[in-house]
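Copied over from Swiss-Prot, here are the features:
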type: SIGNAL; residues: 1-31; note: signal peptide
type: TOPO_DOM; residues: 32-693; note: topological domain 'Extracellular'
type: DOMAIN; residues: 32-135; note: domain 'Cadherin 1'
type: CARBOHYD; residues: ASN245; note: N-linked glycosylation site
type: DOMAIN; residues: 245-352; note: domain 'Cadherin 3'
type: DOMAIN; residues: 353-457; note: domain 'Cadherin 4'
type: CARBOHYD; residues: ASN424; note: N-linked glycosylation site
type: DOMAIN; residues: 458-567; note: domain 'Cadherin 5'
type: CARBOHYD; residues: ASN478; note: N-linked glycosylation site
type: CARBOHYD; residues: ASN550; note: N-linked glycosylation site
type: CARBOHYD; residues: ASN615; note: N-linked glycosylation site
type: CARBOHYD; residues: ASN689; note: N-linked glycosylation site
type: TRANSMEM; residues: 694-714; note: transmembrane segment
type: TOPO_DOM; residues: 715-934; note: topological domain 'Cytoplasmic'
type: COMPBIAS; residues: 924-934; note: compositional bias 'Basic residues'
Amino acid sequence: MVPEAWRSGLVSTGRVVGVLLLLGALNKASTVIHYEIPEEREKGFAVGNVVANLGLDLGSLSARRFRVVSGASRRFFEVNRETGEMFVNDRLDREELCGTLPSCTVTLELVVENPLELFSVEVVIQDINDNNPAFPTQEMKLEISEAVAPGTRFPLESAHDPDVGSNSLQTYELSRNEYFALRVQTREDSTKYAELVLERALDREREPSLQLVLTALDGGTPALSASLPIHIKVLDANDNAPVFNQSLYRARVLEDAPSGTRVVQVLATDLDEGPNGEIIYSFGSHNRAGVRQLFALDLVTGMLTIKGRLDFEDTKLHEIYIQAKDKGANPEGAHCKVLVEVVDVNDNAPEITVTSVYSPVPEDAPLGTVIALLSVTDLDAGENGLVTCEVPPGLPFSLTSSLKNYFTLKTSADLDRETVPEYNLSITARDAGTPSLSALTIVRVQVSDINDNPPQSSQSSYDVYIEENNLPGAPILNLSVWDPDAPQNARLSFFLLEQGAETGLVGRYFTINRDNGIVSSLVPLDYEDRREFELTAHISDGGTPVLATNISVNIFVTDRNDNAPQVLYPRPGGSSVEMLPRGTSAGHLVSRVVGWDADAGHNAWLSYSLLGSPNQSLFAIGLHTGQISTARPVQDTDSPRQTLTVLIKDNGEPSLSTTATLTVSVTEDSPEARAEFPSGSAPREQKKNLTFYLLLSLILVSVGFVVTVFGVIIFKVYKWKQSRDLYRAPVSSLYRTPGPSLHADAVRGGLMSPHLYHQVYLTTDSRRSDPLLKKPGAASPLASRQNTLRSCDPVFYRQVLGAESAPPGQQAPPNTDWRFSQAQRPGTSGSQNGDDTGTWPNNQFDTEMLQAMILASASEAADGSSTLGGGAGTMGLSARYGPQFTLQHVPDYRQNVYIPGSNATLTNAAGKRDGKAPAGGNGNKKKSGKKEKK
């Protein structure tokens, strides 16, 4: 039954020899599994459950990318990923795969990832008896002389069986006869061949020919056979046969030896003479197939030469049988054996196969990350087959040997996509032969990006200068920012943030394009309103996590000449009359026109000129000071009423201008002359009303202050009683500074901004208790001009200066209730003539001092009861403002009024230029400070 089962090929899968050897079980990366399977199994034949044998999780095969890797062009095996069974995928013919090799093994690799593991599976293909022995010829003819002595051996044709092992050729059988016997011999490669042995002398006359049958049998079950008819012709005697000088010859030859290379020369001799002694050499009948294609034999000389191309990897040793025959009528032959050893040369370059590539690789991949798996083979032997692999130096990769002929490509240093986004690795495999042969393959490794770079800019801050009255929506800045990461991580978003506690600047004044970083203004900017903006550009990328960069953006508004000069004195719309006695000499200071400009720099520099008067030769005006003086003595013929129109121009481009009108009355300095101008009584009545309201306000504020103080004291006492161990009640002290001045502080709520602080100074020699305004808490009178009188509430301005008064920029009616004496004329010394050709101030500080001085003069000029000749140290101001009036009391017109032409600087008693009050005013200053503290 067993032979019949093998013959029908119905061997069940349960009878497969499943020899499983787990070699190196402690090292999973080097596990080798062995299976044995007969050849010629049908497609789908189950070999074994390789997944279970490897200890792998069947459910994770797809996730780990389980696959079969085979270097052959045909894939003989596959693995069912659902069951884990390995099955036959293609026809297995052992003779086709391995020829006559004693062992036939098909090797394949199984690869799984996450983590990357490699398993080797060796399937031994078992031979079955599927091939009959075969003779190279259909029949064999022998000519044997009757003189041949018994015991002579005659080689017979050898049969060839492709099967191996027990299924190969095992023996020969000879048909029954009375002359010959059969002797079966074994070669060095364990193959069998037969020899015909003469046991009884032949008698040609009795039997001139013989018919024998040679049968070749293999060892299979059932045994297969082949028959060869042998025709023997009995010849007449040639009693001497050739003899070789040695029965075995050995030779060594390089596998790359060219055709025609001599291998060995055999030599045989025959004692006969004549044709019976002439020897002819030929290949014996026992040679294996292919010998005649590789070697050539000279029939006369017996020289064995190379005919074809030898291959050490195919056959390492060739066994050649040579026979020698004479030329006699009945030639007898002699035989010898030649063993040709093929010497290996390094004629095969290594072969590289990339079995798995992990790409792209994240640039933050840790050291030792597996990138690719490579298999390297070399068909040469010995040192010629020893292969090493290498990558070019200087790259962040290395090769390590994991299994025999397998190399793992790993990372050996940190990767940076921004530096090198892609590598084309030239992997070289080199053997140890001489000369060394090599192979080259390219492995492409892409580096994937991670968000490891924040947005970058060429500069950390930007200073932008933009002219006021700009066009809304026009770009003012394009931020130059980039991100070296990949496009997704480098997608930038721009935002504007505000610096400090001030809010609302971004949505009110500026905006930024979120995609391209272009900053634009939303509204026209006003230099006089705000000169500087401090913003922060926040740039974030599109990566995860988000990286960001902040850039400071400082926007400076530059001035344009968009404000015409304004007249401070004489007040616009008012009736300003200056008295000029007849007989006044030339150079007498008549009055001073005071103007200011809301612009800055050159745009605020003012110049004065007379447009017209009844007598052009009588008056002259300082170009830069605005001082009007007599150009010649006043004569009796001069008109008693002179109307002067002063043109005030700034220094901008284009220049803007305004005019001021001043009336000069030439009088005899008598009461009748003064009565000609009755309009001066109105300001006095206004001043009476103003004084009344100021006193009433002062009383109300004082009462409120006292009530507040008492309330605070009562509250403190109450708290002290509750926790007398922890708190001490403060004692409030009121100080009254002695002196001629009555000083009261008042905070005017509701009419002005809360940050403005106003002080009212009442002096004992003031007839109408004229008020002055100051900016509170300023260390210098030259602070920002954004809080000057031009921003005051007009109602409050009229309440302080009188019902007919107007804030700067509005002209008030003239005040005729006073007259200037020579000592009371406006001027830096009270009596000196103005310098019409004076130079511009030397520096900004001098300019600011002069502006403050002229504004103070303008305030006195607006008051008909004041004088302008205050003496030294007061810059021409009234004596009543001497101790108290410092630069602290002047509204901040430091950049709005520029009247050059004088090099004089304002100094205090100590000669300093910081605008501090002199020693005589310390009492009032301390009193004011205490009230501010409260």
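Any Cβ shown, glycine's included, is placed from N, Cα and C.
DSSP assigns ASN689 (N-linked glycosylation site) to a helix.
Closest by Cα distance to ASN478 (N-linked glycosylation site), from the glycosylation sites ASN245, ASN424, ASN550, ASN689, is ASN550. Neighbour counts of Cβ atoms within 10 Å were compared across the glycosylation sites ASN245, ASN550; the minimum falls on ASN245. Secondary structure at ASN424 (N-linked glycosylation site), taken from DSSP and collapsed to helix, strand or coil, is strand.
If you compare Cα positions, ASN550 (N-linked glycosylation site) sits closest to ASN424 out of the glycosylation sites ASN245, ASN424, ASN689. ASN245 (N-linked glycosylation site) falls outside any helix or strand according to DSSP and counts as coil. Between the alpha carbons (Cα) of ASN689 (N-linked glycosylation site) and ASN424 (N-linked glycosylation site) lies a span of roughly 97 Å. The two recorded residues ASN424 (N-linked glycosylation site) and ASN245 (N-linked glycosylation site) have their Cα atoms spaced 65 Å from each other. Neighbour counts of Cβ atoms within 10 Å were compared across the glycosylation sites ASN424, ASN478, ASN689; the minimum falls on ASN424. Mean model confidence for the domain 'Cadherin 3' (245-352) is a pLDDT of 90. For the domain 'Cadherin 4' (353-457), DSSP puts the residue distribution at 4 helix, 53 strand, 48 coil.
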